[in-house]
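Asker: First the structure, which I've put down as structure tokens, then a few questions once you've had a look.
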């Protein structure tokens, strides 16, 4: 029986090629998008879930309660060491300090190779590789980093540095000053891990690179370079651990008005919790998931629309089969088999297309989803389940309509009232275009927010500024010569030695004491270090006072407006001359100026209180403001001067605007994805509309002929169809607008500074969808309007 059903389904598909192509194309497109989005979402939700004891792994994070609550993914350097010394509640507790733009040297014979790893370097304690189950190919994970001057590298780096030679025992030089022996080789880290460094030095080595991170009394400041993780013992109550951790704040930060709470963040939320620096916001994941759902629904609606439209053309077939004794159940399963065949072909094509286009999707979205993401077992459960659901959900209604035809009426062709089911088809078109309008509104709002974030006034200059990492080169005598050469280059407008640019993902958060107060202020500040040229180079504006004088120490400071507000001073001028004691420095400094607020982080965060001072010991970069018209020759001159002065260093640079764009990588990926899949959703909708209009024209041929004989003009004939779809699009807009407003308002709530959802957004969305629908409907309606009425009426 089912063999006959299959043969009939195959013949009908061959005999109705346009119908088959439209349905298969729509379903295949929707399912391809669903598969790709499923892989993207599952990949982002799978970060670091491969560790054996993942449910017992936590990151130590900080909550600072003052006027509001601020959260950072770091803790004071002394906390993790103190906790594991004082309590036996964790199997392992390990710190990891990461740094970017650090020079690594490898000597092979007489050749010295220089590298600056794009993913930075890390210093970890020996328990790190017991907490995290990264497979080690060579060496002992328990002892490989137990001594200073030891390092573990990945398999990729071993090949890069040493070729086919045995890497164990080889020497890697760090920052032209520290020789470290390779004691282990890790298997290349999986892409779905937030730990992407390829080189891990022992934490004890950090004493020679930046000793503050390993000081037992380092409780005053928090650096974004440091993280701490612990593997709790089975059955340990996390609330108890958090209470014990927060007790350290009361003990070592007792003079602070800030209420510090050290919390445990589950490993499963590290990648997605943007409050603590997560790179993929769960809101974005939900939006992407809804896009996938919308596309699959649009594909199913498209199928139902076309199938019910085809019902009348198959009415006589159904009438004959019923007259010859076919039962309704037999006809039902026959049409379900037709749906199953179309669905199977669409699924097969969608899998092939998903594998074929994944590299292109990675390029379009600027992501790196591996082919392995298409092999998750959940995906291979999802695909057949989706196929079954589509077969029965999308196929049941058309099957019930067709199998329920009255045979007498079917053979007489009187099925318009019974099978036309125009109210259902109107509803389906409304659903399709509601989905398209929601996606269009979302795309417009995300685009506007991204443009605002990238092109809005940041409070400083970001164009034509290049950042050159200097490392230890910023502290040696040659830096004076380098500055003199920069000042003589006609294409260089200004330059500044600094720790970071005004806006950076690297933060140094600390506390302050104002004037001669014994207690700390009830807020923390972001600390930035830059020389006397910092303001000129970045175009920062002074509201009161003067700029910093050249100095190698912290004697003077500038503060921003937020500090003035937090100190409850009446004006910026009132801050001038007061002393400010920064927690990490022994002596107070004098406030000599107040800066106009600038965005030191992304638009997700409020502008923070900030202190800027000269502190040459912390300079790691040189920022160079270039003449836009002569950037290429100037960049070449800078590189030439650098190589001559710093032959032991590796020349590398980034443009500041490109660094700031990295703040919004997750949002940019989502925008690219929404753009692509909005176009696909509209295309799927157009496929269904195209087929439906063709059906409507075929059903109204005689009506059109009679109207033309009675004097109807071409515009009047076109309006017969136009008014129908205009009404449906208007209803779709009224349905979509509040849904889009709700979804995008929640998304925008993740930005402290964002655009408004204005009337223009809705106008552009409905204008765009009307234009697309008009083009789709226009072909058939124009053909119908130009038909010869005499020929029509003779048919």
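Here the Cβ of each residue, glycine as well, is placed from N, Cα and C on the backbone.
As annotated in TrEMBL:
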- 21-247: domain 'MacB-like periplasmic core' (DOMAIN)
- 290-407: domain 'ABC3 transporter permease C-terminal' (DOMAIN)
- 434-630: domain 'MacB-like periplasmic core' (DOMAIN)
- 676-789: domain 'ABC3 transporter permease C-terminal' (DOMAIN)
- 21-41: transmembrane segment (TRANSMEM)
- 285-307: transmembrane segment (TRANSMEM)
- 331-357: transmembrane segment (TRANSMEM)
- 377-405: transmembrane segment (TRANSMEM)
- 426-446: transmembrane segment (TRANSMEM)
- 676-698: transmembrane segment (TRANSMEM)
- 728-749: transmembrane segment (TRANSMEM)
- 761-782: transmembrane segment (TRANSMEM)
Asker: Using DSSP, break the domain 'ABC3 transporter permease C-terminal' (676-789) down into helix, strand and coil residues and give each count.
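Answerer: Each residue of the domain 'ABC3 transporter permease C-terminal' (676-789) counted once, the result is 97 helix, 0 strand, 17 coil.
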Asker: Cβ under 8 Å, sequence separation of at least 6 from the ends of the transmembrane segment (426-446): give me the contacting residues as numbers and ranges.
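Answerer: Contacts with the transmembrane segment (426-446): 287, 291, 294-295, 297-298, 301-302, 304-305, 667, 670-671, 674-675, 677-678, 681-682, 684-685, 688-689, 692, 725, 728-729, 731-733, 735-737, 739-741, 743-744, 747-748, 755, 757, 761-762, 764-766, 768-769, 773.
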Asker: If we skip the immediate neighbours and take only residues 6+ beyond the ends of the transmembrane segment (21-41), which ones have a Cβ under 8 Å from one of its Cβ atoms?
Answerer: 285, 288-289, 291-292, 295-296, 298-300, 302-303, 306-307, 342-343, 345-347, 349-351, 353-354, 357-358, 361, 365, 367, 369, 373-374, 376, 379, 382-383, 386, 390, 673, 677, 680, 683-684, 687-688, 690-691
Asker: Mean pLDDT for the domain 'MacB-like periplasmic core' (21-247), rounded to an integer?
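Answerer: The predicted confidence over the domain 'MacB-like periplasmic core' (21-247), as a mean pLDDT, is 89.
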